[in-house]
Amino acid sequence: MKVYAPATIANFGPGFDVFGLAIETPRDTVIAKESDDFRIEVEGYKVPENDENVALVAAKALFKLVGEEGGIYLKLKKGIRPKSGLGSSGASSIAGAVAAARILGVEDDEIIIRAALEGERKASGSPHGDNVVPSYYGNFTIVESLNPLRVHNIEVDFKVVVILPSVEVPTSEARKVLPKKVPLKDAVKNIALASSLVLALKEGNLEEVGRLLEDHLALPYRLSLVPWFPKVKEAAKEAGAYGVMISGSGPAVFALGENLKEIGKAMKEAFESFGIEAEYWVTKVGRGAKWC
């Protein structure tokens, strides 16, 4: 059995730990079969091939949640670069959880998500759902609550340009720099931005969505980890981008607009001015985890 889980853009501007967007490219793939124990092999980007692997952690968690014994063999084709800001651990966790669910005949979304969150906990230290939820459901997702699971899904149809520089930002490190408290005016601003962004998405107003891609809760405190972002954003805007933002905790950046290839080229040149190599691609919105 084979499971595909797409990369994701977490936060999507003002929706810290709440908003997420699945993208079609890249993705992780898991080939799974029943086994007497829990084992994993990995192809592609280098990640652990033992109990530290988040796909295996998620698969084990699902077995435990439903009270099943036994095991599973996973072959993970790692297509999403770790520490990229594109939900690498979230996609692997969803792939592992879905694989275990299909083998055991589990169809309960909440159990699958809860198992995948254990993979995210392993990777980043906290079970945040803004990567695993869109990777599972696809489209644009809003995580209202994880316990109980309350998720809202908005079907959207547009393309984004994503650029990934040759630097890493571990999610665990990016979360450490965040303050315990933020100014009330910043919280109010993000609520206004997030509410307006959801409305713009529902109306299909991509230019307005781009304008609302701001963040006053996390990005100001993370700029020390992504010091090149203001210049990359400026280059994208000059090339015609509606909006530009860090994907997740970075370093990946995404932009909305019409001339996406030109925007990607402009961002690449901006990265190169810092001596940083980067690759960009244009992708559609992803439709969630799939299996066959």
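From the backbone N, Cα and C atoms, a Cβ is placed for every residue, glycine too.
Noted in Swiss-Prot for the protein shown:
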BINDING   Arg81, Pro82, Lys83, Ser84, Gly85, Leu86, Gly87, Ser88, Ser89, Gly90, Ala91  ATP binding site
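Ser89 (ATP binding site): 27 other CB atoms within 10 A of its CB, across all protein chains.
The record gives Arg81, Pro82, Lys83, Ser84, Gly85, Leu86, Gly87, Ser88, Ser89, Gly90, Ala91 for ATP. Within 8 Å of the mean position of their Cβ atoms, the other Cβ atoms in that chain belong to Ala7, Ile80, Asn131, Gly248. In this structure, Ala91 (ATP binding site) is part of a helix by DSSP.
DSSP assigns Gly85 (ATP binding site) to coil in the three-state reduction, placing it in neither a helix nor a strand. Counting other CB atoms no more than 10 Å from each candidate's CB, the binding-site residues Gly85, Gly87 peak at Gly87.
Under 8 Å, Cβ to Cβ, and six or more positions away along its own chain, Arg81 (ATP binding site) finds Pro26, Tyr45, Ser88, Leu164. Taking the binding-site residues Lys83, Ala91 in turn and counting surrounding C-beta atoms within 10 angstroms, the largest count is reached at Ala91.
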